[in-house]
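Chemist: Have a look at the structure that comes next, please.
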Amino acid sequence: MSRRNPCKFEIRGHCLNGKRCHFSHNYFEWPPHALLVRQNFMLNRILKSMDKSIDTLSEISGAAELDRTEEYALGVVGVLESYIGSINNITKQSACVAMSKLLTELNSDDIKKLRDNEELNSPKIRVYNTVISYIESNRKNNKQTIHLLKRLPADVLKKTIKNTLDIHKSITINNPKESTVSDTNDHAKNNDTT
């Protein structure tokens, strides 16, 4: 009985050729180095899927790519408003990435000022505290915040986005001269060129 060479697709995961594949899929026939390569590959795959610091969204679906068409066409706020209104076919992951970008633009000190102006028993205080906690979480690890937002049920996520957008609008109305993160970056680039 002749030993065939191990299937290179089977070593790196799974062979999709079925019966058409002329290489060996029987692990008992494989030499030890081929088994070690397969074992190492599978263990790395498991480790990668368990690692929360890796943004699997960007690898699988391109969710963290800069040239996403929805965000380019609608802007961050437009993507979030479209998701709330269930228009323009905005996916949950696109909304979560846009929400993370909006959280980076918000300043928790401004929200704390709004919170301090409310009455003690106002239900808005809880909303402000929730948004502040998301801002702090996003500042520490924005990829983990995207995962947390994605785990929320759709109705809860929409309510959270709506509350955050309302706070964002009230801050921009109260402080119209306040520059956003993107404006600050543009000013820094202009200063470098002069």
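The backbone N, Cα and C atoms fix where each Cβ goes, and this holds for glycine too.
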Chemist: Which one of S61, S133, S170 gets the tag phosphoserine in Swiss-Prot?
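Modeler: Cross-referencing S61, S133, S170 with Swiss-Prot, phosphoserine lands on S61.
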Chemist: Let me know the most crowded of the recorded sites, choosing from K8, K92, R151 and counting other Cβ atoms within 10 Å.
Modeler: K92
Chemist: Among the recorded sites listed here (F23, K92, R151), which has the Cα closest to the Cα of F9 (site 'Involved in RNA-binding')?
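Modeler: The answer is F23.
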Chemist: Take the C-alpha atoms of K92 (site 'Involved in RNA-binding') and F23 (site 'Involved in RNA-binding') and report the distance between them in angstrom, rounded.
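Modeler: Here the two Cα atoms lie 42 Å apart.
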